[in-house]
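Working notes, structure below.
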Amino acid sequence: MILDGKGLADRRLELLKEDIRKRGITPTLATVLVGDDSASAMYVRMKHRACDQIGIKSVNVKLPGDVTTSDVLDRLKELNEDPDIDGILVQLPLPSQIDTHQVINTVSPEKDVDGYHPINMGKLVGGLPGPRSCTPKGIMTILKEYGIQTSGAHAVVIGRSVDVGRPMALLLMLADATVTICHSKTRDLASITKQADIIVSAAGKAGMVTADMVKPGATVIDVGTNHVNGKLRGDVDFETVSPIAGAITPVPGGVGPMTIASLMENTLEAALSRCKPAQ
Ligand SMILES: Nc1nc(=O)c2c([nH]1)NC[C@@H]1CN(c3ccc(C(=O)N[C@@H](CCC(=O)O)C(=O)O)cc3)C=[N+]21
């Protein structure tokens, strides 16, 4: 079974559009793009397009590639204080001279639609409600919508990044999975992934998950967005793995569109919790 992230995301965007229209509000998302990396610029454009599609207002703050950390922090403080802005997304990765930790720390936790702020990460660790990182949230939605059981399942996450691997593992654990986290230093990766009912690959290496690493019938979620010779490729060798997997996300058309749908959900939630309508 192919897990159609694109179709699911489109349906969720339609529901969000209807929800926003009925509430008569205009949530507002600010994106912050530093420098002119073409992939980052494309992702930001895709986010703005989704906003336009569903009635979220978006503003794009563009900063030159040679700004200092304090330039970025100053701009973020303005956005934090701006009552018209509900959500703030700082597109990552940032240029190397910028202190990414300080930037993430400066985004107001109430406006943190990526769920990267330590307060929101802490809420995730504690199992408290709060904004969840968009990619892991989108993956949980895929699993839920397709009825893929997490309770009691062995989920193997490949990758321990702060934006995907770690929050993914925590969300799977909160959903009662038994979770193993693997990464670049893991020995004999295949022997571990072979035991998985659910594999989530966020390793960032094109084609690294091969058929011999997958148990027949397993669910395979591919977070990879690797650009190889101008083509987008996932972490999973789709040709050989898809006949073995019980369910698999394609790249493109799988996790990526769900990341954006989750961002839209987080932006609406940020707007609603910032301005509680009178009952
Ligand atoms: N603060 C921050 N938050 C993020 O959520 C964030 C980020 N920084 N930096 C970069 C990554 C990457 N990311 C993607 C979003 C959508 C697709 C997506 O929709 N991709 C399409 C294909 C697009 C294409 O054609 O290349 C698909 O998979 O079907 C992919 C990747 C969000 N990220």
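Backbone N, Cα and C define each Cβ position, glycine as well.
Database features, via TrEMBL:
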type	residues	note
DOMAIN	3-114	domain 'Tetrahydrofolate dehydrogenase/cyclohydrolase catalytic'
DOMAIN	133-272	domain 'Tetrahydrofolate dehydrogenase/cyclohydrolase NAD(P)-binding'
BINDING	GLY159, ARG160, SER161, THR225	NADP(+) binding site
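Taking a Cβ cut-off of under 6 Å from any atom of ligand 1, none of the binding-site residues GLY159, ARG160, SER161 qualifies.
Each of the binding-site residues GLY159, ARG160, SER161, THR225 was scored by the number of other CB atoms within 10 Å of its CB, and the largest score is that of GLY159. Mean pLDDT of the predicted structure over the domain 'Tetrahydrofolate dehydrogenase/cyclohydrolase catalytic' (3-114): 98.
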